[in-house]
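Visitor: Here it is, the structure in full.
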Amino acid sequence: MTSITIETVSKSYGAMPVLKGLDIDIRDGEFVSFLGPSGCGKSTLLFCIAGIEAISAGRILFDGQDVSRLAPRDRNIALVFQDYALYPHMAVRDNLAFPLRQQKLGPDVVRRQVDWAAGLLGLEALLDRMPAELSGGQRQRVAVGRAIVRNPAALLMDEPLSNLDASLRVRTRTEIKRLQRELRTTVAFVTHDQEEAMVLSDRVAVMNAGVLQQFAEPMTIYRQPANLFVAGFIGSPQMNFLPGDGAPGGHGAGRLIGVRPFDLVPAGGGPGDGFALTGELALIEPAGPVHYLDVDVGGRMVKATCVDPSGLQPGAALTLTAPRHTLHLFDASSGLRLAS
Amino acid sequence: MSVSDDIGTPRGASIVRSPAALRKRDGRVGRVPLFAYAAVAPTLLIVLAVVGVPLAYSLYLSLHRTNPITKTFIYVGFDNYASLAGNADFAAALGRTAYFAAFSVAGTTVLGLAMALLLNERFFGRGVLRSMVLVPWAMAPVSVGVLWSFIYAGNFGALTGLLNDLGLGGWALPWLGDGFRALNLVALTNVWSQAPLTALMLLAGLQSMPGSLHKAAMLDGAGPVARFFAITLPWLKPNLLFISIIATINSLMAFDILWIMTRGGPGAATTVLSWLGYLTSFQFLRFGQGAAILYCLTALSFVLAIAYFAILGPRRSRPGARPVPPTVDGGVPGARTLAPMAVLPPPRVRPRLPRPVALGLARGGFAIAVLALVLWSALPVLALILMSLTPASDLIRTPATVVPSGLTLQNFQTVLMPSSSGGFSTSVQAQRVPLALINSIVVGACVSLVCIVLGTFAGYAFARHGRSRFFAVSLWGLLLTRMTPGLTLVLPFFIIYRGFGLIDTRTGLIIAYCSFLLPLSAWMMRSYFEGVPVSLDRAALIDGCSRVRMMWSVLLPVVRPGVIAAAIFCFLASWNEFLFALILTSTPNAQTIPVVISGFLSQAQFYEYGPMFAASVLSILPPVLVAFFFQRFLVQGALSGAVKG
């Protein structure tokens, strides 16, 4: 219900810059993830939006209005913390009611709204429990409930799933997506998990060292990474990078060729026109739907995939191919993507 | 121990039998190693012998009427207690004790909380201020008493002098002359010296609070005041419980500053129970009745501790909330009939001061608060140092002034080099200072050494086997000794020591101090060991260490900060101790520095203020150094619940 505009925002702790001139425009009702390795400034950016941290330069606008100098409580936003920050001495009901009571709403409204949030998140049976008596997943839901209960202009989430175990994490992220669709809230979501970011978001902002690397739809980021950092960070296992002059195809020195393991398969039967590499198969790693192949190509380990490893022998020579259109070309010095 | 130890047991049995049953069948499982018993044995035996026996003896005394001259004991049952019930002096002292304790507890809690909140903020010079704040608590109560009794002294005191200098001489009063005012001033002095302890423990609580709680409340729309009451105060509740108990016991047992400042007077205006017990026992020599009074005091502190627990103690979540139907974690609630969303009014727009104004006001207020704290903590101590450098004759000028006519080291010369200060008559008392300093150092060092060696082993055993009944019970037994006033013990000590020829020996003092500092060091080391993962013990044992080797090579290096903290606390407590040193020594041979300082007050030669202040400055030197160089170990000590008795 609010658009968030981040205009050349910088933030430094003393002489140490954390955010360097960020420009991000989050549309009304959009789900945006801030993705990056730890220490890249993504949580700091979120706290700046919330107003918990003051920005050193630039502006933050909500619906076109400058809120940079407003106190957190005057911004009408909610934040779900990584450790959930549930008030340990209050029952779930009081945790949910706390933001409403701070608005001096009548007990009637508070009760109705708490019931609404509890119903939405399936917390009805837990309302009288203390946070210490809840499981991790339940705490997470209470934290989300407390955030949405007063219908904030925007919902900010700081790695809210990182304390859950793997299977619960996948289920909960579906829940969050559904909730966001239902409430049509603007959401800014911080994560270091690329899969989480891709699945959830309308757009992903990839950050590194306080600088925005790319801000685009998830599949655009996957298919057309803007630079070497994004290419290496998105996609697991990591993209293979080969020097342009060493690789067949003559892409020239000063360039790097990037090819994702999923695009690189053993040759034979496939389209023969593509890019090819020959090396010695070092290791076969079964991973369920596919097998990963570690291939030693001229002293450089290259990762490839195959569905059926029968007939492959570690130690034997192996030729790998990838369709030409799946290759990514980067300038080796600037790291920027080159039109292929 | 844990489940992993059950590997050796037969499969079939482990399915049906409870772990307890298993433990009985198989000696290896869950058995407390002999090493653990050996580790606590010295501590328990010493405390039992040195505290348990005197405690029993004073109970025996309280049931008798005694005649110290003919050494006859007549069994009177509970007569000593019964006679207290109708005793007007006792009732009045009880009332004054209640007032004194209420004043002290309320004062230390409010002030300590304010200090802790200030010191929890980040600002330039916070570390120095933290150290500064600790000094009034780290210095000996005797020095505190000496300092404040001079500040309040009638015609020539520092407060009167300050008022004169400011041209407000008309406001000066005989501060300690009026009964009720004296009681309040002594209680205020007690607050001055005890509030830092409260601040230290609350600071530890504040630092353990996750930062996200306040951020969350801020975003939920709570202002600073609402956050303090809704978040900070409930978070500190467990700390406050502990602090109230400690502060109550400390103020019930307050004795040293009374001895120095008012000696129960004027009249009986500051005669609280501890002083009445002392008077009855040691001035009127009615040992039986005195012991009865002190036993009442002990009982009172027990009852209050239990009452605090009942009121402030941890509570299980509301009954009736349970049982809760189990919900599938994270399960998507299926077909839901959603309650409709309430219609919320638009968010309130708060009236706001312009940001620069608000920020300026906040900064200004904070600076004033910090300045007030600096003055409160440091000014009296600086005054003490100034007075020690003032010519002795300046200190008894009338009209009084705080501006010295000059600065001199004469006072220090008098007490440190008594023979060489030619021309200046050195009193007997001043000549005792050098030896007293040496005695204090020797006693403190020995006590610390004994306590950390025995306390570390005991603490280890308590931390690792606290759930075994023997250890749980003995740990509580040790804790209870901290609730008994030293006054209750000191008389039996005196009588027993006389039998063993330990009166007037440093050995005697060392044994006495170990008796109440061993439980403290064991308790501190226990909480430190609890922070050390058990896997470290197991790794050491698997790597082939014996238990002793494990302690020495693996655990001791890990817990070294805890050992240092315990050593510092024991040294400080023994350096500052007054009561036992007063009663158990009568000649300079073993007298410690607090006793010698108090002696200045008892002697006739009354213009010895200069040397007395010099001796006081020397006596606060180690505590001040500790506060400034080992501040973080003191915080460590407060975290583990150590307290000066």
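Glycine is no exception: its Cβ is also placed from the backbone N, Cα and C atoms.
So TrEMBL says this about it:
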- B:34-57: transmembrane segment (TRANSMEM)
- B:94-308: domain 'ABC transmembrane type-1' (DOMAIN)
- B:98-119: transmembrane segment (TRANSMEM)
- B:131-153: transmembrane segment (TRANSMEM)
- B:182-204: transmembrane segment (TRANSMEM)
- B:241-260: transmembrane segment (TRANSMEM)
- B:291-312: transmembrane segment (TRANSMEM)
- B:365-389: transmembrane segment (TRANSMEM)
- B:437-630: domain 'ABC transmembrane type-1' (DOMAIN)
- B:441-463: transmembrane segment (TRANSMEM)
- B:475-497: transmembrane segment (TRANSMEM)
- B:509-529: transmembrane segment (TRANSMEM)
- B:550-575: transmembrane segment (TRANSMEM)
- B:609-630: transmembrane segment (TRANSMEM)
Visitor: At a C-beta cut-off of under 8 Å, are there same-chain residues at least 6 beyond the transmembrane segment (B:131-153) that contact it? List them, or none.
Guide: 115, 119, 159-160, 175-176, 185, 189, 192-197, 199-200, 254, 256-262, 373-374, 377-378, 380-381, 383-384, 387, 395, 572, 575-576, 578, 593-594, 597-598, 600-601, 609, 612-613, 616, 619-620, 623-624, 626-628, 631, 634, 644
Visitor: Between the transmembrane segment (B:550-575) and the transmembrane segment (B:98-119), are there three or more CB pairs that fall under 8 A, provided the residues in each pair are separated by 6 or more in sequence?
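Guide: No, the stretches stay apart by this measure.
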Visitor: Given pairs 6 or more apart, does the transmembrane segment (B:609-630) have at least three Cβ pairs under 8 Å with the transmembrane segment (B:365-389)?
Guide: yes
Visitor: Of the listed stretches B:182-204, B:241-260, B:291-312, B:475-497, B:509-529, which one has the most C-beta pairs under 8 A with the transmembrane segment (B:441-463)?
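Guide: Per the Cβ count, the answer is B:509-529.
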Visitor: Of the stretches B:182-204, B:475-497, B:550-575, which racks up the most C-beta pairs under 8 Å with the transmembrane segment (B:34-57)?
Guide: B:475-497
Visitor: For the transmembrane segment (B:182-204), find every same-chain residue at least 6 residues outside the stretch whose CB is under 8 Å from a CB in it, and list them.
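Guide: Distant contacts of the transmembrane segment (B:182-204): 96, 99-100, 103-104, 107-109, 111-113, 115-116, 119-120, 130, 133-139, 141, 144-145, 148, 152, 175-176, 236, 239-240, 242-243, 246-247, 250-251, 254, 257-258, 261-262, 265-266, 269-270, 376-377, 380, 634-635, 638-639, 641, 643-644.
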Visitor: Checking distant contacts: for the transmembrane segment (B:550-575), what same-chain residues at least six beyond its ends satisfy Cβ-Cβ under 8 A?
Guide: 138, 140, 440, 443-445, 447-449, 451-452, 455-457, 460, 513, 517, 520-521, 524-525, 528-529, 532, 536-537, 539-541, 592-593, 619, 622-623, 626, 630, 633-634, 636-637, 640, 642, 644-645
Visitor: For the transmembrane segment (B:241-260), what are the same-chain contacts with Cβ under 8 Å, counting residues 6+ beyond its ends?
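Guide: For the transmembrane segment (B:241-260), the nonlocal Cβ contacts are 97, 100-101, 104-105, 108-109, 112, 140-142, 144-146, 148-149, 186-187, 189-190, 193-194, 197-198, 201-202, 270, 272-275, 278, 297, 300-301, 304-305, 308-309, 312-313, 482-483, 485-487, 578-579, 582, 594, 598, 601, 641, 643-645.
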